[in-house]
Amino acid sequence: MADPTVEQLEARVRARPLPRHVAIIMDGNGRWAETRGLPRVAGHREGSEAVRAVTRTARRVGLEALTLYAFSAENWARPDEEVGALMQLLADYLESERAEMMQNGIRLNAIGELDRLPGFVRERLDAARAETAGNDRMVLTLALSYGGRQELVHAARAAAAARGPALDADDLEAALWTRGLPELDLLVRTSGERRISNFLLWQCAYAELYFSEVLWPDFRDAALLEAIASFQARERRFGLTGAQVARPERG
């Protein structure tokens, strides 16, 4: 039997309840470039095209929120040349995509230690966030200079200062950088690696995990739709038994 077309996959996905919030660890840019005898920056450049394609697909099928792990706190330790190229690609993306975000009702959000970003990147990020602030069809969150442990430390300090010994889980969640976003439903990692790499540690508590063998620069419409279809085929229990989940509510 032939593989389903993108149109068929999309029709199947649209026919079932969607995850509200999908996050992606975009992995494999370097390996994609190395297997083609290209510099690593070529993989990052092609990865930017994957970001555009996946964002369009997510918006088209009706996701409420898409969060992309664009640059980790640990990535600052990479060679200066690579970091510089990544920052320039990010700045170019923020400039080039603003019109499409406005056209498609996408609000840009960012989480992480944003004060560590170079000034020229921060200026374009702030401008894009301000311009798209009124959009309400999908939230695109870029995790930049982000680390899950760092987020939890920040949230714990803020919540403890506000609440002291009365601190509870709701207080901590309200202090996270992701506050205001829907709960994370699905975490996708590309390139075949099976770890979460300090990403959305708190938010992953009840998220479904999906690991794709596809390298990020090759991750397009069909790959995202397959991840969503896998999510839709699962039974989410949230600590309950299968029988409890399947039992219809009594009126």
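Each residue, glycine too, has its Cβ placed from N, Cα and C.
Because the structure is a prediction, the values reported are computed rather than measured.
The following features are taken from TrEMBL:
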type	residues	note
ACT_SITE	Asp27	active site
ACT_SITE	Asn75	active site, proton acceptor
BINDING	Asp27, Glu208	Mg(2+) binding site
BINDING	28-32, Arg40, His44, 72-74, Trp76, Arg78, Arg189, 195-197	substrate binding site
Taking DSSP three-state, what's Arg189 (substrate binding site) in: helix, strand or coil?
strand
Quick one: of the recorded positions Gly28, Gly30, Trp32, His44, Asn75, which has its CA closest to the CA of Glu208 (Mg(2+) binding site)?
Gly28
Among the binding-site residues Trp32, Trp76, point out the residue whose Cβ has the most other Cβ atoms within 10 Å, with all shown protein chains included in the count.
Trp32
Secondary structure of Ile196 (substrate binding site) (DSSP, helix/strand/coil):
coil
How many whole Å apart are the CA atoms of His44 (substrate binding site) and Asn75 (active site, proton acceptor)?
13
Please report the three-state DSSP label of Asp27 (active site).
coil
